[in-house]
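> My questions all concern the structure below.
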Amino acid sequence: MQDQYILALDQGTTSSRAMLFDRQGNIVSIAQKEFEQIYPQPGWVEHDPQEIWSTQAGVAAEAVTRTGLNGTSIAAIGITNQRETTIVWDRETGQPVYNAIVWQDRRTADFCDSLKKQGLEAKVRAKTGLPIDSYFSATKIRWILDNVPGARDKARQGKLAFGTVDSWLVWNFTKHELHVTDVTNASRTMLFNIHTREWDSELLELLDIPRSMLPEVKASSEIYGHTKTTVFASKIPLAGIAGDQHAALFGQMCTTSGMVKNTYGTGCFLMMNTGDKPIESKNNLVTTIAWQIGDDVQYALEGSIFIAGAVVQWLRDGVGLIKTAAEIEALAASVPHTDGVYLVPAFAGLGAPHWNARARGSVFGVTRGTSAAHLARAALDAIAYQSLDVLAAMEADSGISIGELRVDGGASANDLLMQFQADLLGVDAVRPQITETTALGAAYLAGLAIGYWKNLDEVRDQWQLDRRFAPSMPKEQVEQRMAGWQRAVRAAKAWADDTQ
């Protein structure tokens, strides 16, 4: 197996990416292609499933050929993907019956409210670890069955297949032979019992979704099958699947209970490994399966923040405060603090642990002396404050004191933000050398399945530090800042509450 590589496919919300990794976990090649976002109505977000497939197949081939390699150089393929996004297709023709309904899509919000009014939230959470929300796949499937002509009849006849993006890619890579998913993607559908690790008959009945539509659920690291497409002439093992945040947790080597990662992207996704037992959240977090390797299943607590790096994009595109996103660090660093200014970026409501859909973006504490630099600093600080809210909820739910925070994603390159995050948290923020942790996690899962890497210890040893940010702010100062933030969040919620 000399000079073989692992190909990681990272199918994201705005682009399809492919990366080749060598035995040391280094990136050898990378290819990326963006695709169209479709907005048919306000609050609706769709993708073309055929474009998801064509862009992903295209970058897979490009990542391999641009290094002068071919399919025989690929030891295995690992897949990681945007989660919850829902595709339903005809088993006979292989054609989607409707566009992919993306995780951000809110069209089923009213239906979710009606399920909550029936008192079903506790039951759904107990079985799936998830709240009832249009974010997850179940109500999106139901919408397609109810609204696409002929879909329900075909589904009853066993002619339709449902899959999250991983299933759709495997189906196409195997020329319509394999209809599978892994436990992490299944655990985001609101149809999967995370305790029995099976599709839940009661929930399927409740939502009137035929079981015949659903993929077979597998571990996150095993040989599912081999490629049969013209993308690669050789048959390559498809050997790893995990949803993007789960793959990032694995790529960060958060493999023991209590380890936490934060991916700083457009939003923030925080995940804590809670070991082999699911913890039901009392603090508005989501309980999910982290991954499964062999018979070993790890669980996690997760909190999502809607607006993180997006607040910087807003300052650039919406307000014109900066010309490029990279400018924000220098501008924010030109003042020692925000001078009492707080920015609550609730542009789309507040995510975990607040889950307030009606809160709106607000700026507090503005005086005549407030400058562009203060606003820039308040925007960065808001990312760290929101992350701390989620981390505090994780500590409360798990009873575990966080020892360090492993960070990745685009905004983790911002040293000022990482330092403030460490200051607030009171523990080190730790940035790895390879911040492409999502793709790396998928590569590791695939490589472990075929013996490319011997065991978990071997890949754990590859994790390398780029920089460790140690807390340096006095405790009283942290408490004072946090009190101001909490006041600002309360005010942002009150603004949206028209009963006050």
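Cβ coordinates come from backbone N, Cα and C, glycine included.
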> Have a look through Y5, Y135, Y299, Y342 and flag the one Swiss-Prot assigns to the glycerol site that R83, E84, D244, Q245 belong to.
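According to Swiss-Prot, the candidate sharing the glycerol site with R83, E84, D244, Q245 is Y135.
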> Out of G119, G163, G403, G410, which one does Swiss-Prot list together with T13, T14, S15, T266, G309, Q313 for ATP?
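Site partner of T13, T14, S15, T266, G309, Q313 for ATP, according to Swiss-Prot: G410.
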> Tell me whether D244 (sn-glycerol 3-phosphate binding site) sits in a helix, a strand or coil according to DSSP.
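D244 (sn-glycerol 3-phosphate binding site) sits in a helix per DSSP.
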> Can you list the residues of the same chain, besides T13, R83, E84, Y135, D244, whose Cβ falls within 8 Å of the sn-glycerol 3-phosphate site's Cβ centroid?
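My list of surrounding residues reads Q82, T85, V102, W103, R188, G243.
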> Which state, by DSSP, holds R17 (ADP binding site): helix, strand or coil?
strand
> Do me a favour and check the Cα-Cα span between T14 (ATP binding site) and Y135 (sn-glycerol 3-phosphate binding site); whole Å is fine.
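Rounded to a whole number, the Cα-Cα distance is 17 Å.
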> Let me make sure I understand the structure: which of the binding-site residues listed (G309, G410) has the fewest other Cβ atoms within 10 A of its Cβ?
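Among the binding-site residues G309, G410, the lowest count of other Cβ atoms within 10 Å belongs to G410.
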> Just give me the nearest neighbour of D244 (sn-glycerol 3-phosphate binding site) among the binding-site residues T13, S15, T266, G309, Cα to Cα.
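Answer for the nearest of the binding-site residues: T13.
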